[in-house]
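Structure record follows, encoded as structure tokens.
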Amino acid sequence: MKATIIFLLVAQVSWAGPFQQKGLFDFMLEDEASGIGPEEHFPEVPEIEPMGPVCPFRCQCHLRVVQCSDLGLEKVPKDLPPDTALLDLQNNKITEIKDGDFKNLKNLHTLILINNKISKISPGAFAPLVKLERLYLSKNQLKELPEKMPKTLQELRVHENEITKVRKSVFNGLNQMIVVELGTNPLKSSGIENGAFQGMKKLSYIRIADTNITTIPQGLPPSLTELHLDGNKITKVDAASLKGLNNLAKLGLSFNSISAVDNGSLANTPHLRELHLNNNKLVKVPGGLADHKYIQVVYLHNNNISAIGSNDFCPPGYNTKKASYSGVSLFSNPVQYWEIQPSTFRCVYVRAAVQLGNYK
């Protein structure tokens, strides 16, 4: 019986076809009709969406800040990320700003172009920058202010250029402007159009220092709180030039050639707190200080003041409602300090606030 069973098994094996070596592809073909689709073996790879603009070559990008400073660039990099909020291009060799240089930068808030070689800006270069608030163009070679600046602009700094003209039209519609810095330019009084700054209703700070202007610009906006005109060639302070500046708190006129301040000038600035008239050619203390309610700091050192009256700084009497002086400088004037009456500074409650010294 065992022999019969063994014989049948051997016969069955001998009837089978010869063994064939199969590859992986052969087994895959056999599975085609098994109800298992090939996609279950090789899942479909989803399409990769194209990447957005990458950081420009050699620049650094982080948290919407693109820093391309100190790279020797001769033009604005292309393909800047559209979500850029701050673009720093200072300390390069850019010579011109062209239309399209800032296309798609609708979210840009701050543009820094300090210390380049920019001499030309196309009229429509800043048109795409519909949210720009701060524009820094200092230390370039501009001869005029750029046209068609964004209406959203709040701060403009253009000191150390070659600007000789300030036209009223360049500031038209800039109702959000707060700060304008124009110092160290070859400006003359004739180059500033009358009322050039008047249309900027929120303007709070103007600095036109170290230029060639000989008079205080006319038609300044009443919103001003700080006016810095130090280091110019102004010879006189006219009452009319300060008319309407009711909010002015700080007036800088040091390092000029001022020999006189018209009576009534300070009355036009009723909220003035600081007056800098040091390093001029004054021969007497400006009138109106005693009647000024809020003024606290008066710098008059390095002038030609030879006498000080007992009522030059404080109103008559002791029971007066006036802010106390925190700083009065009179050193380096020909006045002899021992000739000043003791009651002259009766409204000064801190002795160290008054600085006197020998004339050199």
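The backbone N, Cα and C atoms fix where each Cβ goes, glycine too.
Secondary structure from DSSP puts Cys55 (disulfide bond) in coil. Around Cys55 (disulfide bond), taking its Cβ as the centre, 17 other Cβ atoms fall within 10 Å, counting all chains. Taken from Swiss-Prot, the feature disulfide bond covers Cys55-Cys61 (among others).
For Cys59 (disulfide bond), other Cβ atoms within 10 Å of its Cβ number 19. The disulfide bond annotation in Swiss-Prot covers Cys59-Cys68 (among others).
According to DSSP, Cys347 (disulfide bond) is assigned to coil rather than to any helix or strand. For Cys314-Cys347 (among others), the entry in Swiss-Prot reads disulfide bond, with the evidence type experimental evidence.
Residues or ranges marked as O-linked glycosylation site in Swiss-Prot: Ser34.
Feature annotation from Swiss-Prot assigns repeat 'LRR 1' to 74-94. Secondary structure of the repeat 'LRR 1' (74-94) per DSSP, as helix, strand and coil residue counts: 0 helix, 3 strand, 18 coil.
Taken from Swiss-Prot, the feature repeat 'LRR 2' applies to 95-118. Sequence-distant contacts of the repeat 'LRR 2' (95-118) (same chain, six or more residues past either end, CB-CB distance under 8 Å): 64, 69, 74-76, 80, 82-89, 124-142, 146.
Among the features that Swiss-Prot reports, repeat 'LRR 3' is placed at 119-142. Long-range contacts of the repeat 'LRR 3' (119-142) within the same chain, counting only residues at least 6 positions beyond its ends with a Cβ under 8 Å from a Cβ of the stretch, are 90, 95-99, 101-113, 148-150, 152-163, 176, 181.
Within the model, the repeat 'LRR 4' (143-163) shows a mean pLDDT value of 97, rounded to a whole number. Annotation source Swiss-Prot lists repeat 'LRR 4' at 143-163.
Distant neighbours of the repeat 'LRR 5' (164-187): 133, 138, 143-147, 149, 151-158, 193-213, 228, 231; these residues of the same chain sit at least 6 beyond its ends, with a Cβ under 8 Å from one of its Cβ atoms. Among the features that Swiss-Prot reports, repeat 'LRR 5' is placed at 164-187.
Annotation comment: Swiss-Prot describes 188-213 as repeat 'LRR 6'.
Annotation source Swiss-Prot lists repeat 'LRR 7' at 214-234. Counting only same-chain residues 6+ beyond the ends of the repeat 'LRR 7' (214-234), those with a CB under 8 A from a CB of the stretch are 183, 188-189, 192, 194-208, 240-242, 244-258, 276.
For the repeat 'LRR 8' (235-258), the DSSP counts in helix, strand and coil order read 4 helix, 5 strand, 15 coil. Taken from Swiss-Prot, the feature repeat 'LRR 8' covers 235-258.
The feature repeat 'LRR 9' is assigned by Swiss-Prot to 259-282.
Residues of the same chain lying 6 or more positions beyond the ends of the repeat 'LRR 10' (283-305) and with a Cβ under 8 Å from any Cβ of it are 237, 254, 259-261, 263-267, 270-277, 311-315, 321-335, 355, 357. What Swiss-Prot records for 283-305 is repeat 'LRR 10'.
When the repeat 'LRR 11' (306-335) is classified with DSSP, helix, strand and coil residues number 0 helix, 3 strand, 27 coil. The repeat 'LRR 11' annotation in Swiss-Prot covers 306-335.
Taken from Swiss-Prot, the feature repeat 'LRR 12' applies to 336-360.
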Using DSSP, what is the helix/strand/coil residue split across the repeat 'LRR 6' (188-213)?
3 helix, 4 strand, 19 coil
Using a Cβ cut-off under 8 Å, which residues of the same chain at least 6 positions beyond either end of the repeat 'LRR 11' (306-335) come close to it?
273, 278, 283-285, 289-300, 341, 343-350, 353-360
Subset of disulfide-bonded residues (Cys68, Cys314, Cys347) lying within 10 A of Cys61 (disulfide bond), CA to CA, in sequence order:
Cys68
Radius 10 Å, atoms counted are CB only; among the disulfide-bonded residues Cys61, Cys68, Cys314, Cys347, which position scores highest?
Cys68
What's the CA-CA gap between Cys68 (disulfide bond) and Cys347 (disulfide bond) in angstrom, rounded?
55
